[in-house]
Amino acid sequence: MMNCATFPKYSLLDFFFTLIGVCTFLFDVGSDLWVAKEFYTHGEFIWCGLFVGFMLISSVVIQLFSWFWLQYDRGLKDFESQASAGNVVLFSGAKRVKLLLFLHVCQLGFFIRHISAIWQGFRVWWRKGCGSEFAVYLTHDLSMLRLIETFCESAPQLTLMMYIMLHNDHPRLVQYVSVGASTTSIAWMVVDYHRSLRSFLPDKDNQGWLSSVVYFFWNLFLIGPRVASVALFASVLPNFIAAHFLILWPVFVVWAWRQGTDFMDSPAGERLYRATIGLIWYFSWFNVAEGDTRDRSLIYHIFIITDTSILLTTWWFYRDTETTQSYAFSLIISIPLCYVLGLLIKVLYYCCFHPKLWRPADLGKTTYDVTDGVEPSVDVQADSASDHAINKRMSRHAANFYTTNTSSTVKTKECETTNASVL
């Protein structure tokens, strides 16, 4: 017997989404290798190297996160017995840990997590037994890892593709389609992560489809202009884009440190997390600490608007007026307008489409559920008798994203977990 947090039940739809996640992961890896091969066969070795470099850096970062989480999970009560009983890995105990370490070194840890999530989801759905808590937990971990992959790999690769289109001056239709699809994919991953995080807390309303669509467009109109402005700057001063990133990234990392992030379970893991947050903030806002997130979000957007304005102004004065004549004026007008539109949609979301507005008020208790929100912080904690069974990492992260005007408690209950495993 083991205490488990009370989470929503793992459904057949969740299982199919996990299957789709594996397919999209494999498709993403395959398409990246195909693009790298195209660069190589056309003699564009620098672009090929950059493209592969983004893939490798992203993969290493994801494997490190996965391994840090695995080390923490092994400390949970009865984890080893559950993992050995319900996992696709055939070994148990020390041999299993060594095998998983080898797979992570071979950059296969992320893929194994996908397979484990599918297996656990299938067991929960087929046997209709307790274990949904860990299945939901697994899918949330995967969502977090996919979000990290998105900003460590997809966003830099998208910037590179835009730069190549501007550099060649005669982009093909397929390149426009690729850029549009990549931008849409990045925005959707943010929405997917947000929906996954909401499902982690049992007492929160799920995000409806209309709310998700508004949330998607908000991120699309904020991330797209940011990536475009960076690509435009790189097209005129390619030797300075790395310097620009290396100037902003440490500032973001220090800001994350000053906010007192507490996501990982070791000092080394927390440093990795803050470094990754610095990279995410280079492209998009991401709330990482409890407190008054409205002021932090306002500071961030003012900073990004200022920086984006500098990038666009630099591009405007250094551009080749002859080759850019057909689209320069349209870009210099549309990019700022898109960003402003994204901010307006964000305000609209919180005013009209946020799920908290649709929930009936509890007797004697008013709940505010905010992502990047404006309310006081929440204290998500476990009952002292079952504190060992709660994944403190996810509880802390949920507390950073969701706030209430009173302390809330993630309650626990006892349940059978003979078919549960975390990896």
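Heads up, the Cβ atoms here are built off N, Cα and C, so glycines get one too.
Note that TrEMBL annotation is computational and uncurated.
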Inset, instruction - Quick one: sort out which of 15-35, 141-161 is the transmembrane segment according to TrEMBL. - result: 15-35
Inset, instruction - Please work out which recorded stretch in 230-252, 272-289, 298-318, 324-349 has the most C-beta pairs separated by under 8 angstroms from the transmembrane segment (47-70)? - result: 272-289
Inset, instruction - Give residue numbers and ranges for long-range contacts of the transmembrane segment (230-252): same chain, 6 or more residues beyond its ends, CB-CB under 8 A. - result: 159-160, 162-163, 166-167, 277-279, 281-282, 307, 311-312, 314-315, 318-319, 331
Legend entry - Cβ contacts under 8 Å made by the transmembrane segment (324-349) with residues that lie 6+ beyond its boundaries: 211, 214-215, 217-222, 224-226, 228-229, 232, 301, 305, 308-309, 312, 316
Inset, instruction - Mind checking which residues of the chain, 6+ beyond the ends of the transmembrane segment (298-318), have their Cβ under 8 Å from one of its Cβ atoms? - result: 225-226, 229-230, 232-233, 235-237, 244, 248, 281, 285, 328, 332, 335-336, 339, 343
